[in-house]
Amino acid sequence: MSRLGLGLFVLWVLLLATTPLHADNYIVRTAIMIAMYSSLALSWNFIGGYTGYPSFATVAFFGVGCYVGGIAQRNGVPMFLAWTLATIVVAAFAAALGAIILRLKGHYFAIGSIAVVEVCRLVISSWRSVTGGGDGLNIPLLRWSPDEVAIFYLMVMIGIMLITFALNVFVDRHRLGFGLHCIRQNEDAANMVGINTTLYKVVAFTLSAMFCGTTGAVYASWVGYIDPTDAFSILMTVKVPVMVLLGGPGTVLGPVLGAGTFVILEEIFWANFLDWNRAVLGGIIVFLIFFLPGGLLKVSYRKVVNRLRGAEGVRS
Amino acid sequence: MDFGQIIVNGLVLGALYACLAVGFSLVWGVLNVINMLHGSFIVLGGYLAFFAWQSFGVHPLIMLPIVALLLFGIGYLVQFLFINKVVTAPVLTTLTLTFGLDMILYNIMTVYFSATPRRVTLDLGGISFLGVDMPIDRLLGMALALILTGVLFYVMRASRIGRAIVAVRMDRAAAALMGIRVNHVYAITFGIGALMAGAAGVIFAMVFPVTTNLTGMYLGKAFVVCVIGGLGSVPGALVGGLALGLIESISGHFFGPQHSLTIGFLLMLILLVVKPTGLVGKKGYE
């Protein structure tokens, strides 16, 4: 990560954090969503970016986090404790699950991770007595003014985003990150030169899950109502990996760039093409794969600028 | 309910599942691509049959070959224009691409067809044999599904294009050296996958209500059937389909039908971990 990159990141965080001072509630809400999706994308980066395992299980961890946090709060657990509890439960769940499904590779891993989402969704939908089933759950709201509530959740989401970002920087520099890169290149070779691939993969998988749990629990407290279709949204299964691919997988700044760009694009399209929202999202994916295979970070901006200048030169 | 009835229900459902999944298995086995469009192809086939029946009174049996050919064309184009360009890329790329294409197709279908459940009602009555009741339209659907699956099996074994597909599956480079146009074969394979999905959709529309919300469910069934039966073989899809049909019918009887999909997915997860090659899976498509 260059000094310029870090500077831009700090500016971006400041811009998000100061939205309540100079923008209306809609923009603040968008800023919260950006911070939330940035945390999810940064989390996914551990497994999908560094290790190259095509995991689609992010939304399972988000949804389980929603429900653990929500159920704990309904039973009188204080909010912060409920969030911590969700983090711990999801981390433990991911570690146990990872030890099992990380034995799979390629397509089988992808399908296994999709199946995990479905099983979690179906278990929560049918476990009526605890989760309220399809009727969903109401979660106690904060008794503050709407502006204060928005600022509070904005700060919390930005906090989680900064933690996941710091973890990404740490892993990137630590030998764990090196080991994960090796696994992406050639897992058998990495194993042979003495990298404990099983341990590294489980650690990456757990890291990719635990803060999705926190984010889910915070999201549940923020919106005050969750149901299985919302907490385990099919679209989110693919949105998060697409954000990372859009920014640049396996880098520290890529997920943040991708999540920000994606949420802003989505808001614009939501406002203008409500009926065609999914098709536009699909179009973005197709465009991304054909024209931006390495993500926005890999685009050579100098070349783009030069080409634009060249075109101007021809015109004048 | 009588145990014989449960088994027969399971087998009828299983034959439909086999037909639903066999195209998905073919594409996955040959191209190494998980085709997320498969569920939407099935629903599209069902809707085309429904609208032809409702608006013009065309019998689904006549629509079956028309829909199949149309979807073959769509599948061929999708593969030729999009997927062929990234067919050797990592899983994440091909999976995300087909998912993106699926979102576009799904969106078009919801806007033009809406999500209202619709069904072709043929009113053929039912038969009773040894205490087992079965509506004739289901039996017809089962027969059609088995015939289609059988035809695909024969085509893969005996025809020129079938042999070419197997050759490309075994060794892409060597097949190209032998004068096989690999990209063309890939597009045909994907087209056959879409054709089977469309035909399965027509059959499903005769038996169950069709709605665009079912795309995910059909896709999920195709996953489960392929993993249970093993990838890339027609007998594998048949075994997987019948197994899933029986599992759903039996578990639906004991735990209630709303849990049948959960149990299917759970079994799939367990099988994925314990025996990833499936019950009859092997390398090479035959």
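Every residue, even glycine, has its Cβ placed from backbone N, Cα and C.
All TrEMBL annotations are machine predictions without curation.
Residues 38, 41-42, 132, 134, 138-139, 141-142, 144-146, 148-149, 152, 165, 168-169, 186, 189-190, 192-197, 199-200, 203-204, 207, 218-219, 221-223, 225-226, 229, 231-234, 236-238, 240-250, 253, 285 of the same chain lie 6+ residues outside the transmembrane segment (B:6-30) yet bring a C-beta within less than 8 angstroms of a C-beta in it. The transmembrane segment annotation in TrEMBL covers B:6-30 (among others).
The annotation transmembrane segment is assigned in TrEMBL to B:37-56 (among others). The list of residues near the transmembrane segment (B:37-56) in space but at least 6 beyond its ends in sequence, with Cβ under 8 angstroms from a Cβ of it, reads 20, 23-24, 27, 63-64, 66-68, 70-71, 74-75, 78, 98, 101-102, 105-106, 109, 113, 118-120, 193-194, 197-202, 204-206, 210-212, 214-220, 222.
Here TrEMBL flags B:62-83 (among others) as transmembrane segment. Sequence-remote contacts of a segment are chain residues at least 6 beyond its ends whose Cβ falls under 8 Å from one of its Cβ atoms, and for the transmembrane segment (B:62-83) they are 31, 33, 37, 41, 44-45, 48-49, 52-53, 94, 97-98, 101, 144, 183, 186-199, 201-203.
Taken from TrEMBL, the feature transmembrane segment applies to B:95-115 (among others).
What TrEMBL lists as transmembrane segment is B:135-155 (among others).
Residues or ranges marked as transmembrane segment in TrEMBL: B:185-210 (among others). Outside the transmembrane segment (B:185-210), and at least 6 residues removed from its termini, the chain residues within Cβ reach (under 8 Å) are 16, 19-20, 22-24, 26-27, 30-31, 33, 35, 37-38, 41-50, 60, 63-64, 67-80, 83-84, 87, 117-120, 122, 137-138, 140-141, 144-145, 148, 152, 161, 164-165, 168, 175, 218.
Residues or ranges marked as transmembrane segment by TrEMBL: B:222-247 (among others).
For B:259-280 (among others), the entry in TrEMBL reads transmembrane segment.
Among residues of the same chain six or more beyond the transmembrane segment (B:135-155), those with a C-beta under 8 A of the stretch's C-beta atoms are 11-12, 15-16, 18-19, 22, 26, 64, 122, 124-127, 161-162, 192, 196, 199-200, 203-204, 206-207, 234-235, 237-238.
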